Amino acid sequence: MYFRLLGLCNNFAYVVMLSAAKDILEKDAKHIEKPCRPEVTTRECHILSTGSVLLADIIPALIIKMSAPMFIHRVPFGIRHTTVVLLQAASFLIVGISDSTGLALFGVILASFGSGLGEISYLALSSNYPSSVVAAWSSGTGGAGLIGASVYALLTDSKLLAVSPKHTMLIMLTLPILFSFAYWSILQIPRSIHRAKLFQPSTWIIGGGSTTVSSEAGRISGEEGETLLRHTDSAEGELVLRGEEMNTNSRTRIQKALPLLRFMIPLISVYLAEYYINQGLLELMEFDCSHGFSMSSESQYRWFQVTYQLGVFVSRSSSNYLTIPTKHLTTLAILQTFNAVFFTFTAIYSILPHIFLAFFVIFFEGLLGGASYVNTFRAVHREIPVESREFSMGVVSISDTIGIVFAGFLAMPVHNKICSLPL
């Protein structure tokens with residue numbers, strides 16, 4: 001229950017920003033949503049692809065995920081959580097009040113920092129619980145996609161609640177409140193987890209201070225360590241020992257990370273393909289009134305995102321009933337690559353006759369993405385020894401982010417190339 005709620009809250013801002021991508025790109029133009037077109041004879045393209053929003057929503061998360069495993073273990077989970085909540089609240093507020101695309105993208109960047117820090121923190125925290133919490137976390141993140149995309153689409157759809165994108169973002173500020181409550185009041189934190197205390201700064205860093213260094217130095221045995229401490233003053237000796245310890249730790253972490261590539265490469269491939277579709281191609285697919293349920297192009301894009309997230313949610317929530325063996329994770333990557341090729345041809349040649357068929361294939365795309373995510377982390381939790389599990393979960397968590405970054409850079413030139421082609 002509690003990890004499901006943490007997953008939902010952590011990924012909510014990230015999903016909402018992607019669902020709002022077209023609205024964010026239109027802030028400079030003060031765009032007013034147009035009704036559906038009776039006949040689609042030309043392409044309607046933005047100067048910027050929604051891939052630019054994707055990059056703003058993912059590169060900061062990648063920076064956090066790649067750098068954090070080297071130091072984040074010294075930051076208490078309570079401080080990490082507070083930081084995540086503040087970043088999420090700031091992102092909703094800035095995107096909501098901004099009148100320019102540039103400022104809105106800054107808000108998206110803050111959301112990305114928050115979700116990246118949250119994912120690596122809560123997955124690491126999950127190593128202190130039974131393996132079933134990984135499925136709960138995955139279900140929650142899948143639920144964030146479905147609920148976040150659905151709420152945004154329902155609120156902003158001109159045929160439904162017709163709330164402006166600005167006021168919709170301000171409504172989303174209720175989420176950080178729920179997020180705080182989920183961690184501090186619902187989550188049952190084991191006694192073994194370090195707790196930071198507000199008025200005791202010494203508890204804000206785990207194992208900080210010279211005392212730790214001295215104790216580590218005392219553990220070093222052998223003639224080399226004794227000679228080093230004998231022939232240098234204590235301060236210099238501690239610095240040398242600390243440098244040797246850091247080098248040893250870095251080598252050890254690299255050695256632990258290399259075997260994880262068998263989990264990471266398939267997951268990177270899946271996310272590269274699916275986000276190339278979602279943020280590079282779906283915005284270029286538009287159906288006329290009679291073949292698109294009379295929805296505007298903006299509304300079609302939002303409901304495409306909802307359909308994708310529905311597929312993700314279904315597959316992430318079903319991992320307790322259907323588990324995919326590690327050896328078949330590569331198959332998911334191959335199938336998702338086929339989807340990317342199919343949608344590329346669809347964006348260029350408009351080969352799908354009705355939006356219903358687009359919804360069906362997008363749902364399948366979401367199923368593959370969600371299944372790859374949850375089964376990868378379950379495999380890590382199952383196959384990695386407990387003493388390396390927390391580190392491994394953190395390292396593998398950057399895989400989806402790496403794939404999404406590649407997708408963003410691929411989506412923008414492909415978007416521009418397709419926009420230059422006749423319909």
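Quick reminder: no glycine exception, Cβ is built from N, Cα and C everywhere.
Note: TrEMBL annotation is automatic and uncurated.
Remember, predicted model here, so these are calculated numbers, not experimental data.
Residues 9-10, 12-13, 16-17, 20, 24, 103-104, 106-111, 113-115, 117-118, 121, 125, 166-170, 172-173, 175-176, 179-180, 183-184, 189, 193-196, 204 of the same chain lie 6 or more positions beyond the ends of the transmembrane segment (77-97) yet place their CB under 8 Å from a CB of it. What TrEMBL lists as transmembrane segment is 77-97 (among others).
Beyond the ends of the transmembrane segment (103-125), by six or more residues, the same chain brings 3, 6-7, 10-11, 13-14, 17, 24, 27, 52-53, 56-65, 68-69, 72-73, 77, 80-81, 83-88, 90-96, 134, 137, 193, 377, 390, 393-394, 397-398, 401 to within a C-beta distance below 8 angstroms of the stretch. The transmembrane segment annotation in TrEMBL covers 103-125 (among others).
According to TrEMBL, the transmembrane segment annotation covers 132-155 (among others).
Note on the transmembrane segment (167-187): residues 1-3, 5-6, 9-10, 12-13, 16, 20, 78, 81, 84-86, 88-89, 92-93, 95-97, 152, 155-156 of its chain, located 6 or more positions outside it, place their CB under 8 angstroms from a CB of the stretch. Residues or ranges marked as transmembrane segment in TrEMBL: 167-187 (among others).
The feature transmembrane segment is assigned by TrEMBL to 329-348 (among others). Proximity of distant same-chain residues to the transmembrane segment (329-348), defined by a Cβ-Cβ separation under 8 Å and at least 6 residues beyond the stretch ends, is recorded for 263, 265-267, 269-270, 273-274, 276-277, 281-282, 284-285, 358, 361, 364-365, 368-369, 371-372, 375-376, 379, 414, 418, 421.
Per TrEMBL, the feature transmembrane segment maps to 355-374 (among others). Non-local neighbours of the transmembrane segment (355-374) in the same chain are 134-135, 138-139, 141-142, 266-267, 270-271, 274, 277, 282, 285, 287, 291-293, 295, 300, 303-304, 307-316, 319, 324, 329, 332-333, 335-336, 339, 342-343, 346, 400; each lies 6+ residues outside the stretch with a CB under 8 Å from one of its CB atoms.
Per TrEMBL, the feature transmembrane segment maps to 394-414 (among others).
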